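Enquirer: Taken from Swiss-Prot, the feature active site, proton donor applies to 59. Per Swiss-Prot, the feature NADPH binding site maps to 199, 237, 239, 240, 241, 248, 275; the stated evidence is similarity to another entry.
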């Protein structure tokens, strides 16, 4: 057993961030979920012990997340809430104003993590945006600040020009795109890699390698994919609107994949990107 294992159904372990805060290693994301789906999913996740909820201004469901959190009765200090700066709000003042607007929608006094959603390099505003987020952290609106979808170039540019290192870089990461080089860069800068789309949009559910490993442990394909990602040392965000799937996906702390099975899943890497290319994408 390692620090990622424990009793089935227990809360997720936490990972240390570079700013002395901590973050649960596993949480629920709500991208592309309707308000009703979001409220149900967040409520279901909180019920099974999940304490990290990841939303974004661009998802349009921050208010629904806030309602589910309020209805849960769970003390704010026990929760870890992430939201993200929309590309349309980028800029120094834009980032600060957008953070306040997100807090209003969420019904919260602060977020635990505030991320730049996409670098949108063609706009040339991601460095100034991070500067605004530094201010948001300074005034207590965000406990930790970070980036999402940042390549090595954009990450190091932010660090070099603002003299502040993001706490987290949230990136697409699954066995088809294991991001080995970027994970190494993040680690060299003491930035936590947080994976999204860890289940590869279901494309690996019927893969013989994944299924054979799952059968070996008596687990689902999704559980094995999440466990693989966690054992790489990443924090992970998974998405589901189904309460049973949420409970199952969160229940990954009572087993450990052997090195041979980690290697077998790692071997599926072929560079397939299922989400937009950060170098060219200007949406969200």
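Even glycines carry a Cβ here, placed using N, Cα and C.
Mind running through what each feature is packed against?
Expert: Same-chain residues at least 6 positions away in sequence with a Cβ under 8 Å from that of residue 59 (active site, proton donor) are, in sequence order, 30, 31, 32, 33.
The Cβ of residue 275 (NADPH binding site) has 15 other Cβ atoms within 10 Å, all protein chains considered.
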Enquirer: Note down the number of other Cβ atoms within 10 Å of the Cβ of residue 237 (NADPH binding site), including every protein chain shown.
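Expert: Total other Cβ atoms inside 10 Å, all chains included: 22.
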Enquirer: What is the number of other Cβ atoms found within 10 Å of the Cβ of residue 240 (NADPH binding site)?
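Expert: Summing over all protein chains shown, residue 240 (NADPH binding site) has 22 other Cβ atoms within 10 Å.
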